[in-house]
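K.L.:
Sharing a structure, written as structure tokens. Questions coming.
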Amino acid sequence: MSVLVNKNSKIIVQGFTGSEGTFHAEQMIEYGTNVVGGVTPGKGGQKHLDKPVFNTVSEAVEKTDADTSIIFVPPAFAADAIMEAADAGIKVIITITEGIPVKDMITASNYIKDRDCRLIGPNCPGVITPGEAKVGIMPGFVFKKGTVGIVSKSGTLTYEAADQVVKQGLGITTAIGIGGDPIIGTTTKEALEMLINDSESEAVVMIGEIGGQLEIDAANWYKNSGIKKPVIGFIAGETAPAGRTMGHAGAIVGGSDDTAQAKKKVMRKCGIHVVDSPAEIGKKVKEVLG
Amino acid sequence: MNLHEYQGKEILNSFGVEIQRGIVATTPKEAVEAAKKLTEQTGTGWHVIKAQVHAGGRGKGGGVKLAKNLQEVEDIAGKIIGMDLVTPQTSAEGKRVHQVLVAEDVYYPGDNEPEEYYMSVLLNRSTGRNMIMYSTEGGMDIETVAEETPHLIFTEEIDPAVGLLGFQARRVAFNLGLSGKAFKEMTKFVTALYKAYNESDSSLFEINPVLKTSDDRIIAVDAKVSIDDNALFRHKDYEEMRDKREENPVEVEAKEKGLNYVDLDGNVGCMVNGAGLAMATMDLIKQAGGEPANFLDVGGTADAERVEAAFKLILKDPSVKAILINIFGGIVRCDRVAQGVIDAYKNMGTIHVPIIVRLQGTNADIAKKLIDDSGLDVQSAIEFQEAADKVKEVLS
């Protein structure tokens, strides 16, 4: 098993013909991902990368049976693209776009909350189930198939963690990049829960950063669930000053409870194997799995 | 993007929020003219001279003073303009004051005692909705209130589908213990304040204090306003309010070059692709015995031009004793990045601090060979720990 995306996922690309969309769709197809088409308003009826282009998501769903979408639409229009996908019945909406106004995301997350769909991101690297589907912008070759799930707010730090896990002779079930914005569709806790419930995942790596309460919520959920499947954690930003945004819009220390130190303390109390050094994530996974 | 008090008040007022009125001045003479004009417009006798810098706690540092006549206006403005104002929120060197707001006196005597409240509008990250946070304890540091008397802080969360509702605005006024005219004024104030927050695409409003005057008007005496940077494309007029003098010049320059840079106090510069990995690299520097001199995300394209720009930024800081470049090559190939580093290094002549380059991911081996064969004084590493060890070595 895996979570969110697999070889049966039928994927469309929103913002298909733009430069980002084109580049990454090409890489996804090359990886073997089942991309069934794309959407660019006004370019419907054309072919792009040998796949059909549609004017609307609903038309794409009707013609291709797509159930998953990846969004590369520019920030000013991205929230609208998310809502369009939800309205069309897309089940998994993965939003790569960085820089969406918070106001737009408040509207979008409110719009989709009662619809049968799951939003991943925005401002995330996407989701990969190695050997089956890469629905994102990550370098596919880093992720070898295996038994460790990954949930992370960051892009390159996810690749780093996956690389370390693979170099220990292990592999990845599914890696979920949840994104670094203040409002995201899937929380650390929700992603962790999915991976914990995945029978193939024997351990989960949870990577967070300063700002917000997501890692603390996830840690508390883990503790209260009583589940014994091991979780290995790291929080980036121990050296970040308070009140400054560190690249990701959501990575900002607001008080004493969203620092890296505070989060790690709670995670340890909840039974998570926390590493202080980002260079020791892979080693710790190996040690815990024995 | 943070704004000055006077700019924030301008935005508030444009949406119908009652404010303490004022005029900006950049010299003592202008301040006197502003005071005269303000007296004509508002009838105020006394004036409050307020330093305009991006930092809270201005009063504590001597940046807010009452002037009882025009001579005092001139004297106080003369003292405040040009001073390096130190507040609990600035560095020890303080912030240079370039302008003051000459404001009307709103604490005039009357039928009732003036009262101060606290009010802010911000995103509740755990629910993904905006909320109004308010308290009877105005004029104080809200963190202190939260710690000592948390039961005096109230919140009102806004349903994005319908916006702030009438009963919510009334609840705010009731919870603040208001009645009669002040009650009505407060519901109007809250309603206009939320409208201003929402329509201006702000990420934070903090009005401390909100004042009930002796004649029961409700006005914003101070305004801390931050606009969502990602929404500035919709608000060109606000974008023009950006005061670059308030920002770190190196960070302004970085921004212009498309680099995400935060200046820090340490001795090891770093250059990384991706925000999460950049923070992790800073942490690793600390664990290796150094202190990060900066946060720097070079983004997805680390070509010679960008690497050179990044080098130049980092080297502006004389306390930098070493530079660690940490790139995880995914879509970006490491050999390209390595070539970028080599070219940038050659373009700049000699760099006088040791450089450690850690390239991992696509073509990492080729990249390491490129660096090792370049003849430059650059050490290469592939593993994260290896890079940390080299930093330690260089620093000792």
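Heads up, residue numbers simply count up from 1 along the chain you see.
Just so you know, glycine gets a Cβ as well, placed from its N, Cα and C.
Pasting the feature list from TrEMBL:
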type    : residues                                               : note
BINDING : B:Lys50, B:Gly57, B:Arg58, B:Gly59, B:Val106, B:Glu116 : ATP binding site
BINDING : B:Asn208, B:Asp222                                     : Mg(2+) binding site
BINDING : B:Asn273, B:Gly330, B:Ile331, B:Val332                 : substrate binding site
DOMAIN  : B:2-210                                                : domain 'ATP-grasp fold succinyl-CoA synthetase-type'
DOMAIN  : B:271-390                                              : domain 'ATP-citrate synthase/succinyl-CoA ligase C-terminal'
K.L.:
Given the binding-site residues B:Val106, B:Val332, which one has the fewest other C-beta atoms within 10 angstroms of its C-beta?
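P.N.:
Lowest Cβ count within 10 Å among the binding-site residues (B:Val106, B:Val332) is B:Val106.
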K.L.:
Going by Cα-Cα distance, pick out whichever of the binding-site residues B:Asn208, B:Asp222, B:Asn273, B:Gly330 is nearest to B:Lys50 (ATP binding site).
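P.N.:
If we rank B:Asn208, B:Asp222, B:Asn273, B:Gly330 by Cα distance to B:Lys50 (ATP binding site), first place goes to B:Asp222.
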K.L.:
For the binding-site residues B:Gly57, B:Gly59, B:Gly330, which one has its C-beta crowded by the most other C-beta atoms within 10 angstroms?
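P.N.:
Its Cβ has the most other Cβ atoms within 10 Å: B:Gly330.
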K.L.:
For the binding-site residues listed here (B:Asn208, B:Asn273), tell me which residue's CB has the most neighbouring CB atoms inside 10 Å.
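P.N.:
Of B:Asn208, B:Asn273, the one with the most crowded Cβ is B:Asn273.
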K.L.:
Compile a sequence-ordered list of residues in the same chain as B:Glu116 (ATP binding site), six or more apart from it, whose Cβ lies below 8 A from its Cβ; state 'none' when nothing qualifies.
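P.N.:
Same-chain residues close to B:Glu116 (ATP binding site) (Cβ under 8 Å, separated by 6 or more) are B:Gly138, B:Gly139, B:Pro209, B:Val210, B:Leu211, B:Lys212, B:Val221.
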K.L.:
Average pLDDT across the domain 'ATP-grasp fold succinyl-CoA synthetase-type' (B:2-210)?
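P.N.:
Mean pLDDT for the domain 'ATP-grasp fold succinyl-CoA synthetase-type' (B:2-210): 96.
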K.L.:
Report, in whole Å, the straight Cα-to-Cα distance of B:Val332 (substrate binding site) from B:Arg58 (ATP binding site).
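P.N.:
That separation, Cα to Cα, works out to 47 Å.
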K.L.:
Return the residues near B:Asp222 (Mg(2+) binding site) by Cβ distance under 8 Å, restricted to its own chain and a separation of at least 6 in sequence.
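P.N.:
Non-local contacts for B:Asp222 (Mg(2+) binding site): B:Glu5, B:Ile207, B:Asn208, B:Pro209.
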K.L.:
For chain A, which of the binding-site residues B:Gly57, B:Arg58, B:Glu116, B:Asp222, B:Asn273, B:Gly330 fall under 8 Å by Cβ?
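P.N.:
From B:Gly57, B:Arg58, B:Glu116, B:Asp222, B:Asn273, B:Gly330, flagged as close to A: B:Asn273, B:Gly330.
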K.L.:
Using C-alpha atoms, which one of the binding-site residues B:Gly57, B:Gly59, B:Val106 comes nearest to B:Val332 (substrate binding site)?
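P.N.:
In terms of Cα distance, B:Val332 (substrate binding site) lies closest to B:Gly57.
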K.L.:
Counting all other Cβ atoms within 10 Å across every protein chain shown, which of the binding-site residues B:Lys50, B:Arg58 scores highest?
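P.N.:
Per the Cβ count within 10 Å, the most buried is B:Lys50.
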K.L.:
Given B:Gly57 (ATP binding site) and B:Gly330 (substrate binding site), what distance in Å do their CA atoms have, once rounded to a whole number?
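P.N.:
Taking the Cα atoms only, B:Gly57 (ATP binding site) lies 46 Å from B:Gly330 (substrate binding site).
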K.L.:
If I take the alpha carbons of B:Gly59 (ATP binding site) and B:Gly330 (substrate binding site), what is the distance between them in whole Å?
P.N.:
51
K.L.:
Would you mind reading off the Cα separation of B:Gly330 (substrate binding site) from B:Val106 (ATP binding site), to the nearest angstrom?
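P.N.:
For B:Gly330 (substrate binding site) versus B:Val106 (ATP binding site), the Cα atoms are 60 Å apart.
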K.L.:
Between B:Val106 (ATP binding site) and B:Asn273 (substrate binding site), find the distance joining the two CA atoms and give it rounded to the nearest Å.
P.N.:
51
K.L.:
Compare all C-alpha positions of B:Lys50, B:Gly57, B:Arg58, B:Gly59, B:Val106, B:Glu116, the record's ATP binders, and send over the largest distance in angstrom.
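P.N.:
Across B:Lys50, B:Gly57, B:Arg58, B:Gly59, B:Val106, B:Glu116, the widest Cα separation comes out at 19 Å.
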